């Protein structure tokens, strides 16, 4: 044996008797941390040495690959072409994964007669690491090889294609049939043969129907059902070897839920035998987790709190014998305890979808529409965060491409949330106001926008304004200001603010007020000079936004300096400090309101006086504000995924007209609101769409005017989008009379989350359009009788299902119904048990219900022995579908033939019932001892006068010694009226008594013998024995009864016959003798004859007869057998 090993390449040399030279294989092409490698050596012994398995060459137990690939090789031997399987883990068959990632190849070397199977893993990823196994089978031989694949580091050679390639070689010693190179992937295609599906979840589903496999696999969270079934199939195919050490082996497999306890049990032959328990070949030591017990011949291993590490193969070893099993640990399904919320954001905002699951460390799959989301190392757009049971999916900056439905999946739950992204719009919260200033004063332009990150530029008359010592520009939060100190005449003009990145501009005008000094006479009447620009929207009217500052500078002229008085209404304003104040300067009076409020609105006046006269001016100050919240927000209607919301306008509109409204919604219990519209909505009715049926929502509304947006309204009452049901199905007419129509239907196919409250039934005359509701209250049943209909009219009917969402589409009959009674022949449906003699004992209650049919309502009349029944003895109750015959306490007089006559006009039907009331018989008559000899005595008697209204079935004979007078039973059920009592004591005197017996039991009183007998030691002359003639012709004591059976269900017909000599029995069908047909089984038990028919079909119906024949004569009985199909039931 020679072994050659090189760095990353090696050759395997197999030495055989004929020195078959194996060609070199580049079996392992691996890079580990740029420099690592793997070595393998393959050796084949000479042919004279017996091989222990099918493999000629196997890979090393550990194969290490870069995140890119590796290439080991395996060889084995077999007489015929083997079947190869590649598996990962315990049961995952990689043949089902064939594609770009897993590639399979099969080659055959004609010279060496070796099959080589290769599995190639292209571009290995860390998920490919783990335990692998290859199994080779041929006829009754099987061998396997296991190895581990580890994936480390990153591939540093992007120009090379690195893969994991696993191959196995099979040695063929007698010419394979499939020579040449084969495509193994073709062998993996689905074959037309139907594979026998085995059960899932091992012990639980061994008896389950194959149609239930997928349902149970989903219920228990089984993801690789196909692999488990194949694994179980292989386990079942393994023959059970006889064991000398074990009375009862371990089960083939066990299944346990994670965290639960499981007990492995077997029985050994020797109660004193010592056993060892192995897990994956390693001995298990006793501990708190593994408890080993021995109780007589039973050996148990208890595994407490099973986890995934306990999912392994276990063995119980007694000496050199062992039995094995496998334990499968199932993880419980992970449920979602907190559902995902919807998001409505603008471009660039951060989105966080958050859920909570039932257990920590659970695996959650995030999907966008139908595409699974993964963390991309190259892109930082998505983030996945786990915090205990909380899982969060984060979109750092939302774009329009992110619009859609996002899903979160666990193995036991699913939730979804919708993301809506709108283009970012800039909203102007406060516009620039025109200014009028005088020389050397300060001018300040101020505006407010919705986004505090927006920057912008200031322009004067179209030219950008640059900052200087006198001109300053500030940006604090959402406010942008332009400050001009020491205003000069050249500063007057149009100023504009333009936000960066938006097609928007805000403009205002700066007016420069020149100060002119006029020399006037000393007696100059006062004059008020009001500036009508700036805040004045009309002459003498000033509009101020609530919260803003109002400063009104009024120029005053007059000589001497006039006195200025400001008033609101009739109340003068004298304060010089505070929120509302008056400031006075030379030739100027300033009226100031800090933080304007609604109460500040009103008519203001300024009055100036001096000795030369006075002047007065009126001003209207109007305070405008954001409106009050809308009121009475409520849901007036819902659909499957929509709802109609209405509200009332706010009581106060803020002093300016309402522009429209903004709506938001949220799921009940959530704290995140989703904006439904970004453009103002003018109406007070809104239809919200894209909602999830069956989920509770709440709504709120904002009012918007030119000043801004109001506070949100109160939340609406929770509402649930639900849809009406579909129309009821299979509406049919059940019955029609001269004034009523009975309808029946089935529930709607689609009911939805709103449930089903009931049904409304409506009718309309043919050709009419007005539908009349037949029921005042909702009908909860699926049937209704419409009454008070006109006779002879043609009426259309329809049925509507109703739930909280409203009425469903109607279910309508295809054609109108004529309201007229339908004549139906009377028909009595006599129950099967009443077709033969009806026997009851005295004192029992008799209650016979006889159903019938017929229209119009038939008249039912009862007769007894041809005469009308006596109502004092028998009670009768008749309805439109049945007649009830009731006897509270049966008497012998009630026996007889009862006949029910059903009449409709000149049509009738009859049914006969034979009722027999029985009781215990009387005592036998004339009991006497007729002869005594030896130890024997002969008794005879006559039948009782009263047989209890039924046949005497036998007699009970008792004897009593006159010394002790204790009675002992000699014979039970003696059918003859005579008997011989034996075993009497010689010399004793005896008395005898006889009881008669029928179906009710023994007679109340016995018949006593009139004379006693005493036995003597002397022999007396015995009368000569006279043999009784027992011969008789055959006679049937119980006839055959007509039967009706269902096809496919075995049945039997029987009768009873007597006769001596024993008659010959012949069964016939339609007068044809039934031979040795295996379908029929004929039995004769003490004269009771039975014919069993196995699973009769409709062809087995007909007339069956039984004939008994002996030398004295013959007798025959017959019956009719009807066989109906299953669909007629």
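Any Cβ shown, glycine's included, is placed from N, Cα and C.
Per TrEMBL, domain 'Ig-like' is recorded for 46-150 (among others).
Remark: secondary structure over the domain 'Ig-like' (239-335) totals 3 helix, 49 strand, 45 coil, with classes taken from DSSP. The domain 'Ig-like' annotation in TrEMBL covers 239-335 (among others).
Here TrEMBL flags 424-496 (among others) as domain 'Ig-like'. Residue counts for the domain 'Ig-like' (424-496) under DSSP, helix first, then strand, then coil, are 3 helix, 37 strand, 33 coil.
According to TrEMBL, the feature domain 'Ig-like' maps to 526-624 (among others). Counting residue by residue with DSSP, the domain 'Ig-like' (526-624) contains 3 helix, 64 strand, 32 coil.
The domain 'Fibronectin type-III' annotation in TrEMBL covers 629-725 (among others).
Across the domain 'Fibronectin type-III' (727-822), DSSP classifies residues as 0 helix, 45 strand, 51 coil. Taken from TrEMBL, the feature domain 'Fibronectin type-III' covers 727-822 (among others).
Taken from TrEMBL, the feature domain 'Ig-like' covers 826-914 (among others).
TrEMBL lists 923-1016 (among others) with the feature domain 'Fibronectin type-III'.
Annotation comment: TrEMBL describes 1034-1122 (among others) as domain 'Ig-like'.
Per-class residue totals from DSSP over the domain 'Fibronectin type-III' (923-1016), listed helix then strand then coil: 0 helix, 52 strand, 42 coil. Across the residues of the domain 'Fibronectin type-III' (923-1016), the predicted structure has a mean pLDDT of 88.
Taking DSSP states H, G and I as helix and E and B as strand, the domain 'Ig-like' (826-914) has 6 helix, 52 strand, 31 coil.
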